[in-house]
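Q: Below is a structure I'd like to ask you about.
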Amino acid sequence: MSELKKNKLFIVLMDVVCVLVVAMPFIIMTIMFRPYQRGVYCDDETIRYPYRPDTISHKMMAAVTISCSIIIITSGEAYLVYTKRLYSNSDFNQYAAALYKVVGTFLFGACVSQSLTDMAKYTIGRLRPNFIAVCAPEVCEGYMLEINCTGSFRNVTESRLSFYSGHSSFGMYCMLFLALYVQARMASKWARLLRPTIQFFLVAFAIYVGYTRVSDYKHHWSDVVVGLLQGALIAVLTVRYVSDFFKERPPRCPDVENAENEDGERKPSLQIADTDRNHYSYSRPA
């Protein structure tokens, strides 16, 4: 194995390790930790709302975010790679390399967002608005440091994880990341209105999810606001400092172009061509 291939393999392994490391907090807390056992004021009206099923369930949330991510990223990278608008000086399969960079960045930010969310949930242990209905205590009078719940242990544990909303933080992270991806990749003039239309529906879905968490009595409004802000912040920071969506690129290596002319095949490419840059350092010249 050549030295260059060893270096590339090392980089890939480092990327995988980094994703696993930032994912460890939410994995460990979900498996091993119990939420902080906060005392209960039995006359607190903010935790005495009835139980309602989720409007947007965990499965539906995962289905929408994952399907949107797969469709937008795979189709976007495929279009740019095979129309020769995305190029690099790599000798690896161009489409696989493009997907690796975008998906790797997306997963890294998603793990960061989820780890921060679960750290807050398990260390703060705020009670959900429907806590009393889920707990169904035998006796509840005044302030009780320990309360005897007759409800399902799993549901009671979940009802202590109100702050902050995981649906809101994860949904906003995924949708805003995709919206910024669309901003960077969909640079053609014909997409002048299509681009913001797609971005609107992506972000609107994330906000709608937050609304449902309040109306379903799963979260207090402040839980949702903080979740949306956290997801948006992680998405912006990930795109700005981890991805290369809006970064200037060095010119294409002449050797690669010569090789294409000789071999009749185009080398792998991961850089946006100058003619397709938008106004975030990707502006198409007039």
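Keep in mind that glycine also has a Cβ here, set from the backbone N, Cα and C atoms.
Sequence annotations record features per position, and here TrEMBL assigns transmembrane segment to 12-33, 60-82, 94-116, 161-181, 193-212, 224-242. Residues annotated as domain 'Phosphatidic acid phosphatase type 2/haloperoxidase' in TrEMBL: 103-239. Residues annotated as region 'Disordered' in TrEMBL: 252-286. Sequence annotations record features per position, and here TrEMBL assigns compositional bias 'Basic and acidic residues' to 264-279.
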Q: Sort the residues of the domain 'Phosphatidic acid phosphatase type 2/haloperoxidase' (103-239) into helix, strand and coil with DSSP and give the three counts.
A: 97 helix, 4 strand, 36 coil
Q: Counting CB pairs under 8 Å, which listed stretch among 12-33, 60-82, 94-116, 193-212 touches the transmembrane segment (224-242) the most?
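A: Per the Cβ under 8 Å count, 94-116.
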Q: Would you report the average pLDDT that the model assigns to the domain 'Phosphatidic acid phosphatase type 2/haloperoxidase' (103-239)?
A: 96
Q: Other than its close neighbours in sequence, what residues sit by the transmembrane segment (60-82), given a CB gap under 8 Å and a spacing of at least six beyond its ends?
A: 94-95, 98-99, 102-103, 106, 167, 170-171, 174-175, 178, 181-182, 185-186, 202, 205, 209, 269, 272
Q: Where else in the chain does the transmembrane segment (193-212) make close Cβ contacts, counting only residues six or more beyond its ends and a cut-off under 8 Å?
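A: Non-local partners: 54-56, 61, 64, 68, 165, 167-168, 171-172, 174-176, 178-179, 182-183, 186, 224-225, 227-228, 231.
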